[in-house]
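This report concerns only the one structure given below.
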Ligand code: GLN
Ligand code: ZN
């Protein structure tokens, strides 16, 4: 017999109710209070359980809900509160740790594995004390029970918790392992009293990483303790995002009840089936993609599940989502504008619930009810339409990709740069910016009004032109060498291009939690992509017409577009990337034909796509480099290609960055001084580099003196012939009052250094 489960469910609310409630409380808006927040949270939990129950999911979670973040909940639960928050309690403590308060800075936040979800990093030191606070865990369980649902309780596992912690002294987080495990044991003891039998899911995703492999010897001792607390608690060791083969070998040595494996992103997990067939550990098979938005092909999934069943020798097991559904949007219910055919291919969290239960029923050879039958029939129709739709399959695009012969620029960097120095004629320490200038309220209103049809095109164009004019005028006044148009027409660096590329769609309500109350709405790349017409040439040409200085064209790179979109799963990523690269390639061609001499191709999210396991890194790097090179291969030798990356740490990837072969790269070194720049020197990096000289993430205006010192520090590492001077990222989140004096000081500082 096969049963269904869901790893975890999103919590922000299908209309982002939690976001509103949180931000209302934080902003002290009228009508918002701790009580209204608790009420919203309660309503959402009840609704989310109801959805899962209605979809006939057998194993539904509690404690997957969070007011901010599950790691923060765990910090709170274990009582390991950093010293600076002592004296606070309840939600005041909880939100202070997340967001800081008047006297204490917030705790660090970072990305959860290879997702765009951010968690709060536990902050430990040698003397950290732990005190169990089980209130949330227990009360959520009871809440669901009162609703008639016996849930599995989700917890972050102790090994993953400590592996992701940082320490503020030089101690090792794992020196706390025994104590932390003791707290978890205490918790399990309490949990065991809640019901006759309870499943507790310990999320241990660290074991899908290479680091996890090194920690594998901790599994047996830790889980031997936890499994011996109470006989009626069944522990599930949950992993996701990649294979966890090494952990499987350890888990089967323990009394752990079940292990969760991801069969969508960890295909190698198939090798675990043989081991599991011989063991008492029950499989929780993640087969429905929890990280992407397309419908599962139910027939294929059923076949796959039956294959698992066979390989397990007919043992009972569970079928569910590949990871928490937190990483996909809520529901298609409110999507009214999207093309109905594209919509018919999509499946968000709520829709995935039905997929899971239908796959389970069919794999059990059970008949489907009327509603499920309709969903199943629609699913078959959609698989068919996806395979054949002309919206997806564009012959011309496929033919062009197949016929490609030119994959990179004609001349080598050494040859190109000589030509460029002659034609572009810039002196030492050329100054520029990263592209965007402040996004003012007027600008946002202007774009929104145009989108809503409230103003006509010429009014909109006049508004944008006025912004560009002001922007150019200011840059000329402060004496920057290479100008930008300021990106006033862009809401978001990926969305702007997505909207103009054929093969992209946009949801109205496809929000995914990024951190705390913040959500992102990634565009949907559903089909073969191509560029029907130029995307940026008009605005860049206009900007160039307003100045005799060099105007830099501004594009988003193919790797970044890919990494920040929901991407179709019916074609290899490398091929989709080639299609995107060709869109950018065409745009560069048109820009240079229009007289633009420098084009920047931003790869802000280049690192985001790095795989979790080292064994997959070489293929990602090859794919990313090939893709970038293809995108700029249309640039003539005299056209200078810049790229920008929002990172400062290049030690591991410097060879890859070099292989991308951009003429100039600007990076985010401002906060790390010249230390991290040394890698460029030590590998003999030849191309030009613009290490950010000040931090744009803070409103602070850097003084001339400070900037002089910073530039001199850079000159200690790289020769003046190789350096560009610029801020460390785009200026769109800053105010004009901050940007203007900062850039004036920057150009001043450069003058001083040039003359010294
Ligand atoms: N050109 C973009 C900008 O200036 C780059 C953004 C980024 O680095 N994230 O906004
Ligand atoms: Zn940046």
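The backbone N, Cα and C atoms fix where each Cβ goes, and this holds for glycine too.
Not measured: the values here are computed from a predicted model.
Among 487, 489, 649, 658, the residue that TrEMBL places alongside 434, 435, 436, 602 at the L-methionine binding site is 487. For the Zn(2+) site, TrEMBL gives 644, 646, 668; the one candidate out of 627, 729 that the record lists there too is 729. 608 is the only one of 457, 608, 615, 621 that TrEMBL places in the 5-methyltetrahydropteroyltri-L-glutamate site (with 16, 17, 18, 19, 111, 116, 518, 519, 564). Among the binding-site residues 16, 18, 111, 518, 564, 668, no residue is identified whose Cβ is positioned under 6 Å from ligand 1. Summarising the L-homocysteine site geometry, the residues cited as binding it (434, 435, 436, 487, 602) extend over a maximum Cα to Cα distance of 13 Å.
Checking each of the binding-site residues 16, 18, 436 against residue 697 (active site, proton donor) by C-alpha distance, the shortest gap belongs to 436. Classification of residue 16 (5-methyltetrahydropteroyltri-L-glutamate binding site) by DSSP places it in coil, neither helical nor stranded.
Under 6 Å, Cβ to nearest atom of ligand 2: this is the test, and of the binding-site residues 18, 436, 646 it is passed by 646. Cα of residue 564 (5-methyltetrahydropteroyltri-L-glutamate binding site) to Cα of residue 602 (L-homocysteine binding site): a span of 13 Å.
When the binding-site residues 16, 111, 436, 487, 518, 602 are screened for a C-alpha within 10 angstroms of the C-alpha of residue 646 (Zn(2+) binding site), the residues that qualify, in sequence order, are 602. Reported as a whole number, the C-alpha separation between residue 668 (Zn(2+) binding site) and residue 434 (L-homocysteine binding site) equals 11 Å.
For the binding-site residues 518, 644, counting C-beta atoms within 10 A of each C-beta gives the highest total at 644.
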